[in-house]
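Read through the structure below, which is laid out as C-alpha cells, and then see the notes.
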Protein chains: 2
Amino acid sequence: MPSIVILGAGAMGSGLANALVRAGWEVNLWGTWLDDHLIDAIEAGSPHPRIDVVISGKVTTFRSDDLAKAMDGVDVVALSVASAGVPKVVELALPGISKAQALWMTTKGFLPAEDGTIQLLPAGVRAIAEEAGVELPPIVAIAGPVKANECAADEPTATIFGCKDKDVAVKYAREARSDNYAIEPSDDEVGVEVCAPMKNVYAIMLGIADGLQDKTGHPHHNLKAATFAQAVREMSILSVALGAKEATAYGLPGVGDLEVTGLSGRNKVYGSRIGRGEGAKTALETMKELEQTVEGVPAIPLAVNLVEQTDASLKERMPLLFAAQQIVYEDDPNYADVLAQAVLPPRP
Amino acid sequence: MPSIVILGAGAMGSGLANALVRAGWEVNLWGTWLDDHLIDAIEAGSPHPRIDVVISGKVTTFRSDDLAKAMDGVDVVALSVASAGVPKVVELALPGISKAQALWMTTKGFLPAEDGTIQLLPAGVRAIAEEAGVELPPIVAIAGPVKANECAADEPTATIFGCKDKDVAVKYAREARSDNYAIEPSDDEVGVEVCAPMKNVYAIMLGIADGLQDKTGHPHHNLKAATFAQAVREMSILSVALGAKEATAYGLPGVGDLEVTGLSGRNKVYGSRIGRGEGAKTALETMKELEQTVEGVPAIPLAVNLVEQTDASLKERMPLLFAAQQIVYEDDPNYADVLAQAVLPPRP
C-alpha cells in the first residue's frame, strides 16, 4: 500500500486525500498553521468547510507542529498549500521531501525570484532545495480540470500528472487511479505548470463576456467563444515559448481546465462583475469583502513579466493577456471594446 | 461594391446578409419554397422569425420562383440552406454559381452519396457540378462560433473562411470585414467542414453533463470539462485523418464553435434532457413536438460511417463519438457511466 503525506488541508489537498484513500493509499494530511479549523472539521467528521464534503475517516490528520511525524516514512510528499506558502513550507519540509520517492505538486502559480524573474513553481522549489544543498526526488505536476469538491465526492474526474520522467508519471497515474479519479500521464511538466495559472487570467475574460449579457440584456456568446479560442491559443503560445509541448494546452490542462474554470469559480464571477459594469477596482473590493480571492488578478502582472522576460515579441501574439492587464489594472471603462479588439481576428 | 446572392433566408443566411450590408456589400437574399413566411417578415421590416432581429432594408429579397433574377450578375453565391436541401438547390442554382467568382457555404453537414459513402458538403457539391458538366468557382467554407442572431445584431463575432486557395480566403476575409464581423482566413476547407457537424454531436454530450447536475443535485463540472477536452481531441483526430490541419480543430471552428454550441442551443438542450433522465428517445420526441431540430442526432450515424470508411482504427481513439451512438441510438440507461468511460483517461 503506497503512502503519502499531503501538505495543506485546503480544498485541493483534502480532495486529493479522499481520492487516494479510494485508490487504496495510506494518507497523512498535514494542516499548516492556518489550517487548524479545517483539521478540526475533518477530525469531527463534519463536511470540510471549503468544499462541503466529508473527508474520509481513513485519512490521518496532523497539526502544523507535527510535520516531522506526518512525513515519517511516506513514499510520496504532495505539496497542496497556497502558492504564497510554498517557500516557507518547502523549507520546513525539505528533510522529509528529500527522503520521499516523489514530490507531487497541486499548488500552481508563478513565483517571483529574488532578482524579479518569474519562475514556474517547480523551478522555485528546485532553487530552494539547491540553496539548502538538498537533492529532490522527481517532481510530479498535477493539474487539469479538477474542482476539489467533486474530486472529494467521487464524481468522475480527469486529471494530468506531468513529470519530466514519463515513467514516474505513468507509475503514479496507475497507482492513484480509482474508478472515478482518472489520470493522464505526461512528460510535460512545463506545459502543465503554465496552463494552470494562465487559465485563471483567461477565466476572468470569459466572465466579462457573461457579464456583458447581464448588462446589455442580450447574449455575447460569439464573443465568449472567440475569447475561449484566443485564450487557448495564448496558453499554447506561452507554453511552447517556455519549452512545453503544444499538445498540453489543447488537452486537459489547457482546454479542459479553462472550460471548468470558465463555468464557475471566483475568476469567472469577478469577470462577470466587470462585464456588468461594476468597475474592475470596485468589483475586486467587493470580492475581497466577500473573502473571495481572485487568483487570476495577481497572476496577470506576473504573466506579463514572464512574457516580457521570455520573448518580448510574444506580446503581439498574446493580446488577450494584455487586454486583461488593461481592463483589470487600468480599469479601462471601454472594457467591452478592449476585449473584442483582443479576440477578434485582425483585418487581413 | 461587391455583390452576393445568399441562397436561403433562414437564420444563418439572414445573419450573413446583415453582416455584409454593414461591410458595404450589395446583398440579394433568396428564399427557398419553404422560406416565404421568412421573406414576408423581412419585407415587412418585422424581426426575422428565427432570430428575432430585423434584417436590413438594404437587402433585396427574392422568392423561390425568382432564382435566376436573384443570381443575375452577382460576384459571389452563398449557400445557406439546410443541408438536406443542398442537392436540389445546387442543381437549380448551378448556372448562376458557374458564373460567380466564388461559392461560399455556410451550410454544414455530412452528405451520404448514392453509394452510401459519406461526403463532406463541398465534395457533394463538386460531385453534382461534375455530373452536370459545370465548372465551379472556388468554394469558401464558412464556419466558426457564430450564433446567427448575434451576427445579425452586430455583436462581436469571429468566423473563419476556409478555401483551398488561401488568397481567395484572404480576399473575402478582407472584403467582408466590418467592425464587429471579423474573419480569419484559412486554407483548410476540410478542417472547417469536419468540425462543424461534429461539434453538434459533442454538444449533446456536454449537455448530458449539465443534465446530470439537475438529476443529482450536484455539479458535474469535472466530467463536462473532460468531455470538452475529449471532444476537441476527437475533432482533431478525425480532421487530420481526412487531410485537414490539426490546428483547425484547436481554433475557432473546433474549440471556439464547441464552446458556443455547448453554451446553449438545441443539441445542448437535448443532451441536458438525456442527462436529467428523460431517456434519449423520449427526449427526442419532446424536442420534435417543440419543433426543435437536433442537428447532432442524424450526424451521429453519418459520422460513425465516415470514421469507419476512413480508417476503422480511428474508432478506439474516438470513444466519445461511439458513446454518443450508444446513448442516443441505443438509449443506454447507464448513460452517465458510458459518458464517463468515454472521456476519463484509461488506466495506464
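Placed from the backbone N, Cα and C atoms, the Cβ positions cover glycine too.
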Next item on the list: Out of B:Ala127, B:Ala129, B:Ala148, which one does TrEMBL list together with B:Gly8, B:Ala9, B:Gly10, B:Ala11, B:Met12, B:Gly13, B:Arg266 for NAD(+)?
Entry: B:Ala148
Margin query: Within the domain 'Glycerol-3-phosphate dehydrogenase NAD-dependent C-terminal' (B:188-332), count helix residues (DSSP H, G, I), strand residues (E, B) and coil residues, in that order.
Written below: 118 helix, 0 strand, 27 coil
Margin query: Tell me the coarse DSSP state (helix, strand, coil) of B:Met12 (NAD(+) binding site).
Written below: helix
Check: Compared by Cα position, which of the recorded positions B:Lys108, B:Lys199, B:Asn267 is the closest one to B:Ala11 (NAD(+) binding site)?
Finding: B:Lys108
Item checked: Between B:Lys108 (substrate binding site) and B:Arg266 (NAD(+) binding site): CA-CA distance (Å) -> 16
Notebook entry, point to check: How big is the NAD(+) site in terms of the longest C-alpha to C-alpha distance among B:Gly8, B:Ala9, B:Gly10, B:Ala11, B:Met12, B:Gly13, B:Ala148, B:Arg266, in angstrom?
Noted result: 20
Margin query: Taking every protein chain in this structure into account, which of the binding-site residues B:Gly10, B:Gly13 has the most other Cβ atoms within 10 Å of its Cβ?
Written below: B:Gly13
Notebook entry, point to check: Any idea which of the recorded positions B:Lys108, B:Lys199, B:Arg266 has the thinnest Cβ neighbourhood at 10 Å?
Noted result: B:Arg266
Item checked: Proximal but sequence-remote residues of the same chain as B:Asn267 (substrate binding site) (Cβ under 8 Å, at least 6 apart) -> B:Asn200, B:Val201, B:Ala203, B:Ile204, B:Gly207, B:Thr261, B:Val294, B:Glu295, B:Gly296
